[in-house]
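Q: For reference, the structure I am asking about is given below.
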Amino acid sequence: MDEKELKNIANLAKLNIEDSEVSSMLNDFSRIVQYVDEIKNLDTTSVGDDEIYEQIFYELRKDLAENGLKRDDLAKIAPSYENGYVVVPKVIET
Amino acid sequence: MKDLIFLTYSEIKTKLNDGSLKSTDLVSAYINRIEGTDSKVKAFLELNKDRILKQAEESDGRRKSGKLLSEFDGIPIGIKDNICITGEITSCSSKILENFRSPYDATVIQRLKDKGFVFFPRLNMDEFAMGSSTENSAYQTTRNPFDTNRIPGGSSGGSAAAVAASMLPVSLGSDTGGSIRQPAALCGIWGLKPTYGRVSRYGLVAYASSLDQIGPFSNDLQGISDLLEIISGLDHKDQTTAKVNPFEANSISSIDWKGKRIGVMKAEEFNFSPDVNKRYADILNELKSKGATLVPLDFSLLKYAIPVYYLIATAECSSNLSRFDGIRYGLRKEGAGKLEDLYSESRTAGFGPEVKRRILLGTFSLSSGYYDAYYGKAQKARVLIRKQYAEFFKSVDIIFQPTSPTTAFKVGEKTKDPIQMYQADILTTSVNLSGVPAISCPAGLDSSGLPIGLQITSSHFDETKLLSYAKSVSELEICKLALPTEIT
């Protein structure tokens, strides 16, 4: 893992990394990756792709309409809200 | 009469129902205790006295008019800061949800409300439940009531410390890799992670959805079984809740050790702290003398449990936490010119270092070129761990292990080294990966007066057996301990 790769991952995760943080983050990150690399020593060839999803006794609910959260309640928790809409910075250039 | 705050959960329940105790008197006693003690323990992020007392008064009113909601009406319960209660702040101990007031109740909260419980919300935790010491809270570090220079464990450290410091009799936490059992062990109380699918996760802020499970802490075992009965069961708001026989608290009874096959760790595998090793060996010897058969199990897969856990949990967290983007709720960093910048500036300002570290690891293991080697491989390794437990339960009735490799460590001792911190979960993560239930039972004190925990694990959905063994453990003299009365 190098600085370029770290910044690429951070960009995918929508996190900014300050230049002053890069070296300590790279250090932590390489150690963690080295640690989880241990699983490469485990032979998993006996496990089929279809076994990954556990058998659970799922019960589907009835397909009925129910009241969900009210628009007014959602307006109260939104950082910026006007006329029934959440306000965001301009997305499309005109 | 015994000071109200030192009553056990069972004593409280009895006294409320025989009319010798009022909920308001009990709740006032706890509020006094919190006001006098929590400056040292730092378990609570908030204490809304008026709201709490009002709930207790309503309960006493119902009792007076004979309109009790249940035999639990008026019992106080603490709630971890990641379980939603309508109108209350649910911050997950994060800056990104500092002002978030939940517009709805978690299913577990709704079920407790229906029974008349009195809520003490906002127990401190590691931010988004990511940590093993409660030092990753954005607000404060909770302290261990047995020694306030030490950590209470994590991530549900506030929920565990509040009960251990006699500030509450019971509380709820969440357990993704050990976050109920490890702090229960380090604080000398009971803590249960139910079978995955037993308890609805609706309204629990998600960290790793395939591992998370809500569970109770209590100062006695009755509190654990009562709460499990109340909060568990099918919920159409959480599709991963299972259609199985409901758990019934009155199905628990002590077991006869004679002939029971107890799965244990091989002597060469338990290289934990000397006091933990000794207590574990002493407990096993006692069970043997009572006629149980000890069956050494091959836990060699265990060394992969933490890497597998961190790959799966962080992958799920990188996906779950993508909802915190500054748009619909939570922190928005104003001044960002473009939408993309609003996302990244809000997230960068709102998340703490460990949360960022885990989001980055999860994003990495899911990213193109690494997926097969990390996330895909971890998924397959998880299947092997799950099969290993199924294999164990073909040859044993139950599994006994220490809960934590050490007793409570000092504040700051492991914060510099994430790997060392992750190792604190060595005995608990494999349980989440396989989905089985496990409980941490108090198992006496070590030579420095710090609590030791014993982890008992049973097969899927067999909480009746699990808690019956726990009941028998609670009767062993070697496991008894007293919670601290004075917190210094």
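All positions are counted from 1 along the displayed chain.
Every residue, even glycine, has its Cβ placed from backbone N, Cα and C.
Here the structure is a predicted model, which means the values were calculated and not measured.
Pulled these from TrEMBL:
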| type | residues | note |
| --- | --- | --- |
| ACT_SITE | B:Lys80 | active site, charge relay system |
| ACT_SITE | B:Ser155 | active site, charge relay system |
| ACT_SITE | B:Ser179 | active site, acyl-ester intermediate |
| DOMAIN | B:25-467 | domain 'Amidase' |
Q: Please give the average pLDDT for the domain 'Amidase' (B:25-467) in this predicted model.
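A: That region's mean pLDDT is 96.
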Q: What is the separation, in Å, between the Cα atoms of B:Lys80 (active site, charge relay system) and the residue listed as 'active site, acyl-ester intermediate'?
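A: It is 11 Å, counting Cα to Cα.
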Q: Starting from the Cβ of B:Lys80 (active site, charge relay system), draw a 10 Å sphere and report how many other Cβ atoms land inside it.
A: 31
Q: Express the distance between the Cα positions of B:Ser155 (active site, charge relay system) and the residue listed as 'active site, acyl-ester intermediate' as a whole number of Å.
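A: The residue listed as 'active site, acyl-ester intermediate' has its Cα 5 Å from the Cα of B:Ser155 (active site, charge relay system).
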Q: Could you say whether, by DSSP, B:Ser155 (active site, charge relay system) belongs to a helix, a strand or a coil region?
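A: The residue in question, B:Ser155 (active site, charge relay system), is coil (DSSP, three-state).
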